[in-house]
Amino acid sequence: MQIKLANPRGFCAGVDRAIEIVNRALEVFGPPIYVRHEVVHNKFVVEDLRARGAIFVEELDQVKDDVIVIFSAHGVSQAVRTEAAGRGLKVFDATCPLVTKVHIEVARYSRDGRECILIGHAGHPEVEGTMGQYDASNGGAIYLVEDEKDVANLQVHNPERLAFVTQTTLSMDDTSRVID
């Protein structure tokens, strides 16, 4: 059997939704619209949005108070949400619903004091946002695992209460290599 991949391929539903949120904000409110992190890893889409008035920033300290900020499909940490609220920023949350589901699970593990493994890539905006959902004050911890070597070096306190989640954009192959 021969499989042909179309090029270019489309975006996932979460990214499509995030792009639509930025487009609608530009239409309704006009530029500038600030977006925390690039809404998608696609230079053509990002440049088009930038040309229409979207301003992509890495951190909230790059924007003035009382402006519109859109959180990208990758999601953000609780600390970023708290900072935005404290500064009176008008936030539109374009976090992918699948990422939000992972955030909710991590927050629940945190509340229950369970240790949690996040399988993902260090430095990726989704991983940073997911790690930032965990509050270790209940006695648990969250660990980032990128590969099999990290698993070999991992020391958990209670393997019976260990949970794991994954970065939503990881391939099944990458994930299964770590889990197996």
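Yeah, the Cβs are placed from backbone N, Cα and C, and that goes for glycine too.
Note that the coordinates shown come from a computational prediction; the quantities given were computed from them, not determined experimentally.
The [4Fe-4S] cluster binding site annotation in Swiss-Prot covers Cys12, Cys96. Neighbours of Cys96 ([4Fe-4S] cluster binding site), defined as other CB atoms within 10 A of its CB across all chains, total 22. Taken residue by residue with DSSP, Cys96 ([4Fe-4S] cluster binding site) is part of neither helix nor strand, so it is coil.
A 10 Å cutoff on Cβ-Cβ distances gives His124 (dimethylallyl diphosphate binding site) a total of 15 other Cβ atoms nearby, all chains included. For the recorded site, His124 (dimethylallyl diphosphate binding site), the DSSP three-state label reads coil. Annotation comment: Swiss-Prot describes His41, His74, His124 as dimethylallyl diphosphate binding site.
Summarising the annotation, Swiss-Prot assigns (2E)-4-hydroxy-3-methylbut-2-enyl diphosphate binding site to His41, His74, His124, Thr168 and lists sequence analysis as the type of evidence. In the three-state DSSP scheme, His41 (dimethylallyl diphosphate binding site) is classed as coil.
Residues or ranges marked as isopentenyl diphosphate binding site by Swiss-Prot on the basis of sequence analysis: His41, His74, His124.
Taking a C-beta cut-off of under 8 angstroms and a sequence separation of 6 or more, Glu126 (active site, proton donor) has the following same-chain neighbours: His74, Gly75, Val99, Gly120, Gln167, Thr168, Thr169. Look at Swiss-Prot and you will find Glu126 tagged as active site, proton donor, backed by sequence analysis.
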Integer Cα-Cα distance in angstrom, His124 (dimethylallyl diphosphate binding site) to Cys96 ([4Fe-4S] cluster binding site): 15
Cα-to-Cα gap, Cys12 ([4Fe-4S] cluster binding site) vs His41 (dimethylallyl diphosphate binding site), nearest whole Å: 12
Rounded inter-Cα distance in Å - His41 (dimethylallyl diphosphate binding site), Cys96 ([4Fe-4S] cluster binding site): 14
Greatest inter-residue Cα distance in Å for the dimethylallyl diphosphate-binding set His41, His74, His124: 11
Check: same-chain CB within 8 A of dimethylallyl diphosphate site center, minus His41, His74, His124: His37, Glu38, Ser72, Pro125, Glu126, Thr169
